[in-house]
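Novice: Below you'll find the structure I mean.
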Amino acid sequence: MRSLTLLLSLSTALRSVAAPHPASPQGQIPLGGIPSASTSEVGIGIGIGIEEDPFPPAAGSGHNDLEDVINASPLLSFHRDLVSIESISGHEARAAAFVADFLEAHNFTVVKQPVAGDRVNIFASPRAHAHSRPEILLTSHLDTVPPFIPYSLHRNDSRPTDRQLIRIAGRGAVDAKASVAAQIFAALDILHADPSAPLGLLFVVGEEVGGDGMKAFSHDPRLNPAPSRFHTVIFGEPTDFALVAGHKGMLGFEVLASGRPAHSGYPWLGRSAVSAILPALRRVDALGHIPVHHGGLPASHKYGRTTLNIGVLEGGVATNVVPAAARADVAVRLAAGSVDDARAIIAAAVADATHRDPAVVVDFSRHLEAYPPQDLDVDVPGFEITTVNYGTDVPNLHLHPRPDGPVKRYLYGPGSIFVAHGENEGLTVGALEEAVGGYKKLVQAALERTRA
């Protein structure tokens, strides 16, 4: 219901003013600042007005005008068509076929690398380079999280033609189909100006659920030979146009407790698994705040504290039964150190908190996939620099060593991680167009570095 209200909003148009990254937890030292929303998503003003969506769904003639904006742009219409295809993890086949057909129509040689069932990765290189191998790889992912949200357009009625205020919404509109579209059109622009540019494109499946697509690429000697053909890899994820200096590592584990069932009126006849697990979980929950020399998990200047999330807690069958089993599932975002060291710290902490109770154990067997913090390159000028706490396919791409030194790895993309995976996922027309320039800048820097 509409209501009169005092509207307060803060402009984020002052992008040049550095501010702590909104993803930074207490104690994390940001390497640079990016705002939590783009200038197209938050306006400035104070006054009495009608409270309503600043980006209402387009309707009537205005809707037709917005469709004309999209139809007039190959980039925007490609992005629209890709976002309109449902590609929840495990069901990426239609999206992969669409991207493959588009690239083949634009003079790319396309390899459809099998992953599982009808799921394929798309690896492409310019058809004119049939006898050479790409050296600069742009990569992102085709899958999205559920649920599917259809593509839609929204406008700000006060400035309906401002490309920074025309908002594109839908599942994957940001994560990561905006990166896919911007990378493809950056490559097309570069190849038009420099047909010899040794570019490759890789769009994988399964990034959101363990990275099986990128792992399949890594293990394919045809596409990923030794030594590595690539001297530069540019990963596409929502970074709000910042270059990411790295992201935290990740591991997971379960805490399992066993007890003995009994009638809850006579609890001394049994043993509560829930009561047994609680001291362990209290300690686990605090490990990111405990100094290492007191048995806690490490922190770093770059990434801040290690954080833990007890995401699942299960136990018991009824309130009148002493619970015979309890289980907790925990995710760790690791700020420093190795996975093995972190696992040892966690196991020791649980043992200490439970006085080495054999009925309470730590189990890492269901979370074998783990990785330490991932440091990335940020040596291209003209970008803000930050760190992020989310995971990516960076640790899933295993490249063979090159004789001339390590492979450069960059992480960049349009859109905010704070709307990715949410019901309001979206970005503006202007943001998507700006990202093409960002990817071109990264590619040009790689070309200049190697040709020099």
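Numbers run from 1 along the shown chain.
Backbone N, Cα and C atoms are what each Cβ position is placed from, and that goes for glycine too.
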Novice: Quick check on the record annotations: which of N71, N107 is tagged N-linked glycosylation site by Swiss-Prot?
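Specialist: Of N71, N107, Swiss-Prot lists N107 as: N-linked glycosylation site.
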Novice: For E208 (Zn(2+) 1 binding site), what is the tally of other C-beta atoms lying within 10 angstroms of its C-beta?
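Specialist: Taking all protein chains shown, E208 (Zn(2+) 1 binding site) has 19 Cβ neighbours within 10 Å.
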Novice: Hey, what's the Cβ neighbour count for E207 (active site, proton acceptor) at 10 Å?
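Specialist: Summing over all protein chains shown, E207 (active site, proton acceptor) has 27 other Cβ atoms within 10 Å.
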Novice: Would you identify which of the glycosylation sites N107, N156 has the most other C-beta atoms lying within 10 angstroms of its C-beta?
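Specialist: Most Cβ neighbours within 10 Å: N156.
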Novice: Check the Cα-Cα distances from N156 (N-linked glycosylation site) to the recorded positions D175, E207, E208 and tell me which is shortest.
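Specialist: Sorting the recorded positions by distance from N156 (N-linked glycosylation site), the top entry is D175.
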